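J.: Have a look at this one.
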Amino acid sequence: MSESVHTNTSLWSKGMKAVIVAQFLSAFGDNALLFATLALLKAQFYPEWSQPVLQMVFVGAYILFAPFVGQVADSFAKGRVMMFANGLKLLGAASICFGFNPFVGYTLVGIGAAAYSPAKYGILGELTTGDKLVKANGLMEASTIAAILLGSVAGGVLADLHVLVALAACALAYAGAVAANIYIPKLAAARPGQSWNVLKMTCSFKSACTSLWQNGETRFSLVGTSLFWGAGVTLRFLLVLWVPVALGITDNATPTYLNAMVAIGIVLGAGAAAKLVTLETVSRCMPAGILIGVVVLFFSLQHELLPAYALLMLIGVLGGFFVVPLNALLQERGKKSVGAGNAIAVQNLGENSAMLLMLGIYSLAVLVGIPVVPIGIGFGTLFALAITALWIWQRRH
């Protein structure tokens, strides 16, 4: 496709529609593939501790490529970067379908996701401007939430029919995302001709990390969001083992329904935070963070499905109320110090590092034979204590 000189900045331009469709299909595939691959591990009798390791290889790719993916997105047409990234995801999903090692295939998907992330947000500013950019971000987030809900449930439901059906559906979703990327205009690269010296790129990224860590407000935000997303991913895997033990349900669909309750709650909590919390009153979100841990503790003791649904939605509401103001604080302060792109890249590194650490601890707990209910109780207690400590630190500084 030839390069476009004049960009149609309409919110519903052909290019914007292609971006939103590609994002939905790509995120749908990501979430469906997780639960489809977990079902494959169960069917092939992998040990239970290997389940969180699957996500660890995914986030490991994010961490490994964090210093470089931003420059990749800026050095080439972002639509083509998105196409390449979705192609990697398609290759990973297809390799799992055809019987290759699921951990290797899922690592390929993780590399694709790492490359995709900065390009998908960066292209919005190239396709729209002004107030339309805010609305475009809203459309992107709405399509992502819809994909998380539908993809998670589809992965579990289709896996109950047949694991290969679920895996094939994921590959088709990625193929659809690649096809949608074709319709994104080939815009000029934002910053072509940059140095590809790995050492210089790493040092530049390290400088951005240091700058944000030395600022009290951005450090507070980085720690808070990293704790939240690390805990959120760990909760996903906790549910997979908790459901058969606490509820006596052994299908693949029920954990995905429960995860969907958390996602719905996050949307509601995010809406409440937008109305009730400002950058000047960010500390209002901290009690919600502490309550997340308390509710996880009570949730772990449940043995009925309906209360479990209700408590997980409450966890989501508290989570949305907690994390949205912290995200806004980091973006605002980070934009003024290291730039919005660098701030997001550093945030991704922090969040994925927290995921890797928490999943590692969870996997170790399962490996040594600690029952899932005590793991849940300990997990909730430690999270509440960690957020309490963060709040005390923030008030003192």
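Cβ atoms here come from the backbone N, Cα and C positions, even for glycine.
According to Swiss-Prot, the protein has these features:
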TOPO_DOM  1-17  topological domain 'Periplasmic'
TOPO_DOM  39-52  topological domain 'Cytoplasmic'
TOPO_DOM  74-90  topological domain 'Periplasmic'
TOPO_DOM  112-144  topological domain 'Cytoplasmic'
TOPO_DOM  188-226  topological domain 'Cytoplasmic'
TOPO_DOM  248-256  topological domain 'Periplasmic'
TOPO_DOM  326-343  topological domain 'Cytoplasmic'
TOPO_DOM  388-397  topological domain 'Cytoplasmic'
TRANSMEM  18-38  transmembrane segment
TRANSMEM  53-73  transmembrane segment
TRANSMEM  91-111  transmembrane segment
TRANSMEM  145-165  transmembrane segment
TRANSMEM  167-187  transmembrane segment
TRANSMEM  227-247  transmembrane segment
TRANSMEM  257-277  transmembrane segment
TRANSMEM  281-301  transmembrane segment
TRANSMEM  305-325  transmembrane segment
TRANSMEM  344-364  transmembrane segment
TRANSMEM  367-387  transmembrane segment
J.: Do any residues, 6 or more residues outside the topological domain 'Cytoplasmic' (326-343), come within under 8 Å Cβ-to-Cβ of it, and if so which ones?
T.: 70, 74, 118, 122, 205, 207-208, 211-212, 215, 217-218, 220-222, 224-225, 228, 279, 282, 285
J.: Give residue numbers and ranges for long-range contacts of the transmembrane segment (227-247): same chain, 6 or more residues beyond its ends, CB-CB under 8 A.
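T.: Long-range Cβ neighbours of the transmembrane segment (227-247): 34, 38, 48, 51-52, 55, 59, 254-255, 258-259, 262, 289, 292, 296, 300, 302-305, 308, 315, 319, 322-323, 326, 351, 354-355, 357-359, 362, 366, 371-373, 375-376, 379, 383, 386-387, 390.
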J.: Who are the chain neighbours of the transmembrane segment (53-73) in space, where the CB to CB distance is under 8 Å and they lie at least 6 residues beyond its ends?
T.: 34, 37-38, 41, 81, 102-103, 106-107, 109-111, 113-115, 117-119, 122, 190-191, 194, 196, 198, 201-202, 204-206, 233, 236-237, 341-342, 345, 348-349, 352-353, 355-356, 359-360, 363
J.: At least three Cβ pairs under 8 Å linking the transmembrane segment (367-387) and the transmembrane segment (18-38), pairs spaced 6 or more in sequence?
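T.: By the criterion, they do not touch.
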J.: Same chain only, please: residues at least 6 beyond the ends of the transmembrane segment (281-301) with a C-beta under 8 Å from a C-beta of the stretch. Say none if there are none.
T.: 224, 227-228, 231, 235, 242, 246, 269, 273, 308, 311-312, 314-315, 318-319, 321-326, 329, 373, 375-377, 379-388, 390-391, 394-395
J.: Which residues of the chain, 6 or more past the ends of the topological domain 'Periplasmic' (74-90), have a CB below 8 A from one of its CBs?
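T.: Contacts with the topological domain 'Periplasmic' (74-90): 3, 15, 18-19, 22, 26, 29-30, 108-109, 111-113, 115-116, 119-120, 122-123, 126, 171, 174-175, 177-178, 181-182, 184-194, 341.
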J.: Hey, which of 18-38, 91-111, 167-187, 257-277, 344-364 has the most Cβ-Cβ pairs under 8 Å against the transmembrane segment (305-325)?
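T.: Checked against 18-38, 91-111, 167-187, 257-277, 344-364; highest Cβ contact count belongs to 257-277.
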J.: Could you please provide the mean pLDDT value for the topological domain 'Cytoplasmic' (39-52)?
T.: 93
